[in-house]
Every structure is written in structure tokens, then in C-alpha cells.
């Protein structure tokens, strides 16, 4: 039975994966280098995005868990109706609203609209899918099966970075890039609509009868006091707090890798060492290999459990960063390999995070004797605290790079002082090594005491 259901479930992952990897990988470089957005406008957009990003998760989670409207309360309908809007939002950044001058205020507004629209619809669709993950089955084997299908879908979806890089020459050919983005949006809509039509959950059969009797009784009242008390219950669980802290730094690290891998590689590895097509393959590998890794580690997941594997990944990241730092930036091939493995390990361990979260949902269900699981609220509360890291990472890095003259690089008429270059390149190299090293230490300290382990 679960195979068709797992297939339907994972089609949303495929569609979203194609769009998200392209969006996150290219938008920072596009706005900084092509649209020449000012640092102030970039920060303003990230702050607005940070606030919206944090609020929309618990907000949509609460609406989806408690709404009377089928398009919100039925997970499948949320996906079906959200999909085309999500795809349109994905296309927003790639089409400039006019020819942008340097520091144009409109490019700042464009970034705010693009980030908020894309993230809002991403949240609406993927939160429904996350809730579906916890509700399709409570059996650990079934969940591992879902994760397996999901990884294959993510694997196929992540190839969009590879093809996009090869077709558009890593965004040098912008018209080809735009055409490819439109193609991706169309395919993604079709995939997500498939989930909306063909997936089912184990609570559905029960829910239809009980919900009807409940709605007449309670008027489906969305009382804020109940939201606050539920959130309080979730947040006083110490395992949830350990997980959220560790996850915050994982999201930060992931945004750091996604948004800047291309910028760092372009600046630190000379063009004659790595050609454009080799770079495309390297960037593609950074998104494709994590999924292969998770698929291959399926047996060891069963053997060791997610807790140890996630912990091991933190030790690996820390050691790799320390070794790279000691060796220095002159080893170009090693640096390319390090940049790629870093993004691979961070992505791979991050894709296991639904397992501890689903266990937290189950533990909460048992502890508070709930009738149905608070899936969306647990996932939403987790997002409330971890999502700001997606904006903090680019803000922090852009501020540091601009201290070393990065913004002058994108000016056409800039007379570049070679000593300035050296300072900038050193700063980039230190960032590449020290950020992962510090994050690994913090994560080891917060993940070690986590105590729900399957």
C-alpha cells in the first residue's frame, strides 16, 4: 500500500527541490552582482524577510491545523492550490522590473517582494507536506520508506542546479537562465499537483466523522490562548530545545553554503584552474551528492540510528574545517573539494532532521495524551526559531565581505587595487574555514544531550 502513497508524497519534494535549489543558489549573486543592490537595501530586505519568514510558519501551521476551509485544513488541497502560486513566486526574482542602476531603490523592493512571496508559498505548501509526513504513518519503517522515496525525489530535483549551470554558463547567459527557470516552474507545478490529487493520510478516514461533530460544537474557534498554551507545552520539552538550537545553526550553515559557495569559488579558485563547465559540475555535485549519501546510508541509519549519524557529521565538519585552515588557500583543487564536501555533509545530515522532529511529535502526543498529533505546530514552532538563520547568514557574510571591498568588485569602472584583493580573498578563506568550525563545536555541544532516540 505505501508505495503509491510514498510516490505521491515525494512528487512535492521533487517539484519544490527543483525550484528551491535554484532560488537559494542564485538569488544572492543575482542581486549583488547583476542588479547591483546596495548593502543597505540588501540588509533591509533580509530583515523584512527574517520577520516574515519566522511568523509565517507558525501562522500557516495554526491555520492548517485549525481551519474550517478545506483548502487550508486538508493537506492535499493546500498542496494542490498552493502549487501554481508557488511556481509563479519562484519566477519573480529572475525578471528585473526595469534596467537597474547601481543602488536603485527598486531592486531593494524587488528583493523584498521576491523573498517574501517565495517563502510564504513555499511554507504553505511544504508545511502541509511535512504534516502529511507525520500523518501518513506512525510506523518507523513506513517513515524510513517515505524518506527513501523523498531522497530519490530530492536527488532528481537537485540536478536542476547542474543543468541550469551548464545551460546558462553559471548564469553568464541570462536569457538562457530565464528560459530554464520558466521550464522548471512548469514541471514543478505538475509534480506538486500530482501529490495534491493522489496522496492519502491515516488520520483522514477518522477525521472526517469527528471533525464534523467537533465543528458544530466549537465553532472551530481559533483562540489565541490555546495557541499560546500549546506552543508553551511544545517549548518546555527540553529535547525540543536541544533540537531547535542545533537546527538553528544547521540552517545558518546551509544558507551560508548555498548563498555563497559560488561567490567564494569564483574568487578563490582561478578561472584557469577550474573551467566553467567543471564549476557547474562541482556546484551540481554539492546538491546531488547529499541525496546519494543519504540513500547509501539507509542501512547504517537502521543500524546506528539518526542520533549518532548526525553527531558524526558534526565531528567530520569540524575536523575538515580545521585541516583546510591549517593547509591554507593555495591548494586550489583541495579547496574545491572541501567546499563541495562541506555543502554535501551539511545538506545530507539536514535531510534527516524530519526523523527527530517526527519523534518529538510522537513523544508530545503520548506525554499530553492528545487525540491527534500537533504535527504542523511542532514543525511550525521549530521553524519560528530556526528560519531567522536563513537571513542572518547572508547579512553577516555580506557585511564582512563589504568591509574588505567586495562591493567594488561588481562595479564596471572600478580600478582594483591588488592589495585590496588579497585582503578580500583572505577574509573569504577565513570565513570558509572558521564559520563551519565554530558551528560544528556549538552543534556537538547541543546535540549530545538529546535523549529521544529511535
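Each residue, glycine too, has its Cβ placed from N, Cα and C.
Per TrEMBL, the features are:
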- 6-28: transmembrane segment (TRANSMEM)
- 77-97: transmembrane segment (TRANSMEM)
- 109-134: transmembrane segment (TRANSMEM)
- 146-168: transmembrane segment (TRANSMEM)
- 174-196: transmembrane segment (TRANSMEM)
- 240-261: transmembrane segment (TRANSMEM)
- 281-299: transmembrane segment (TRANSMEM)
- 306-327: transmembrane segment (TRANSMEM)
- 333-357: transmembrane segment (TRANSMEM)
- 378-401: transmembrane segment (TRANSMEM)
- 427-450: transmembrane segment (TRANSMEM)
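Recorded stretches compared: 174-196, 240-261, 333-357; the one with the most Cβ pairs under 8 Å to the transmembrane segment (77-97) is 174-196.
Remote same-chain partners of the transmembrane segment (427-450), defined as residues 6 or more beyond its termini with a Cβ less than 8 Å from a stretch Cβ, comprise 239, 242-243, 245-246, 249-250, 252-253, 256, 260, 264, 267-268, 307, 310-311, 314-315, 317-318, 320-322, 324-325, 328-329, 335, 338-339, 342, 356, 397, 400-401, 403-404. Of the Cβ pairs linking the transmembrane segment (174-196) with the transmembrane segment (6-28) and spaced 6 or more residues apart, 3 or more are under 8 Å, so the two regions touch. Contacts between the transmembrane segment (333-357) and the transmembrane segment (281-299): present, as 3 or more C-beta pairs lie under 8 angstroms, all at sequence separation of six or more. For the transmembrane segment (306-327), the list of distant contacts is 297, 300, 334-335, 338, 341-342, 345-346, 348-349, 352-353, 355-356, 432-434, 436-437, 439-441, 443-444, 447-448, 450, 453-454: same-chain residues at least six beyond its ends, Cβ to Cβ under 8 Å. Comparing 109-134, 240-261, 281-299, 378-401 for CB pairs under 8 angstroms to the transmembrane segment (6-28), the maximum falls on 109-134.
Only residues 6 or more beyond the boundaries of the transmembrane segment (109-134), in the same chain, are considered here, and those with a CB under 8 A from a CB of the stretch are 9, 12-13, 16, 20, 23, 27, 31, 35, 37, 41-42, 44-46, 48-49, 52-53, 56-57, 60-61, 64-65, 75-76, 78-79, 82-83, 85-86, 89-90, 92-93, 96-97, 143, 146, 192, 195, 199, 201, 354, 358, 361, 373, 375-376, 379-380, 383. Beyond the ends of the transmembrane segment (378-401), by six or more residues, the same chain brings 28, 32, 39, 42-43, 46-47, 49-50, 53-55, 57-62, 123, 127, 130-131, 134, 231, 234-235, 240, 243-244, 247-253, 255-256, 259-260, 357, 360-361, 364, 424, 427-428, 431 to within a C-beta distance below 8 angstroms of the stretch. Packing against the transmembrane segment (281-299) from elsewhere in the chain are residues 21, 25, 144, 147-148, 151-152, 154-155, 158-159, 161-163, 165, 170, 257, 261-262, 265, 274, 309, 336, 339-340, 343-348, 351-352: each is 6 or more residues past its ends and has a CB under 8 Å from a CB in it.
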